[in-house]
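Asks: If you scroll down you'll find the structure; I have some questions about it.
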Amino acid sequence: LSSFYDDSYSNGTVLDYDATPCHNHFCPLFQRVAPPFLAATCAVAALGTGALLVALAKRPQAWRWPQSRALVAQLALGTALFAALLPALAAGIARGWHLGTGPCRLTHLLWHWSLFAQALLVASGSCGAAWARWDPRSRRLAVALWAVALLLATPAALVSGVAAGTSCVRRSVGILAPAYLLHLTLCLCLLLLLPAGLLLAALAVPRLRASWAAGAGLIWLFLGLWGPYGAGLAGEFLLQAGLLEPTCGSFEHFDLALGLSEGLGVLHCGLGPLALLLAWRC
């Protein structure tokens, strides 16, 4: 949310086209709405993840592929890591970020690590029975996926920073900076291209369609919620880089659309565990 926004709009006057000031009203709205939204989402995520972990511990034999125990436990871990960051972000939005650049970049690193790890886990769970049992092969796969996700999240830490001394922003470098272009490319690959490729594969391969019928499609809730945010990042790049003709209205409305899409993605940490619990009960 706003902690992931750059500071180019923070002074209320964005840009000046044809000598007409462009006023942005999204930031004041965001600062009012985001803290309670993040707090409520964190509470729902804590309850849902806790209930999911209890269900995993009490009836391990009930979890079989495609919602195998190994896969669900890792998705719960990713959700818990994501939700654990929300209170600090909510406080930073409401009262300002006073922890410095290092904790800000660490927060972005962990946020994207969780996000990318869950995307890779969903993809691996949709393409085969690797998580059908917790054996040496699946343990090596788990280590590899989490290590790759951490590596892919590193550019997010490099491009984030503290703006105006009190805002932890997701982009403190130019839109065409190599580090940001790398980060944007990774986000688009994992949040847009990966789901599109998996969807096409599932439509083309009967075995994958069968796994959806067995309930694996529920874990696609994650990719479905984050897809609009990936599209929003692409649109932001086109506007900021001048590839689309910028106007006061386009920037104003786009801020709102990007904020809503990111809020939709954040909901995954509350809705994901509940969806997995519902699938298990059914």
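Using the three backbone atoms N, Cα and C, a Cβ is placed for every residue, glycine included.
Got these off TrEMBL a minute ago, pasting:
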TRANSMEM  37-57  transmembrane segment
TRANSMEM  69-90  transmembrane segment
TRANSMEM  110-131  transmembrane segment
TRANSMEM  143-165  transmembrane segment
TRANSMEM  177-203  transmembrane segment
TRANSMEM  210-229  transmembrane segment
TRANSMEM  263-280  transmembrane segment
Asks: By Cβ distance under 8 Å, which residues at least 6 away from the ends of the transmembrane segment (69-90) in the same chain are close to it?
Replies: 1, 3, 34-36, 38-39, 41-42, 45-46, 48-49, 52-53, 56, 60, 63, 99, 107, 110-111, 113-115, 117-118, 121-122, 124-125, 131, 133-134, 138, 142, 168, 219, 222, 266, 268-270, 272-273, 276
Asks: Do the transmembrane segment (177-203) and the transmembrane segment (143-165) come close, with at least three CB pairs under 8 A (pairs 6 or more apart in sequence)?
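Replies: Counting Cβ pairs under 8 Å (6 or more apart in sequence), the transmembrane segment (177-203) reaches the transmembrane segment (143-165), since there are 3 or more.
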Asks: Would you say the transmembrane segment (143-165) and the transmembrane segment (110-131) are in contact under the rule of three or more C-beta pairs closer than 8 Å, pairs 6 or more apart in sequence?
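Replies: Yes, the transmembrane segment (110-131) and the transmembrane segment (143-165) are in contact.
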Asks: Using Cβ atoms and a strict cutoff of less than 8 Å, what residues sit near the transmembrane segment (263-280) while being 6 or more residues removed from its termini?
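Replies: Non-local partners: 1, 34, 37-38, 41-42, 44-45, 48-49, 51-52, 55, 62-63, 67, 72, 75-76, 79, 82-83, 86, 118, 215, 218-219, 221-222, 225-226, 228-229.
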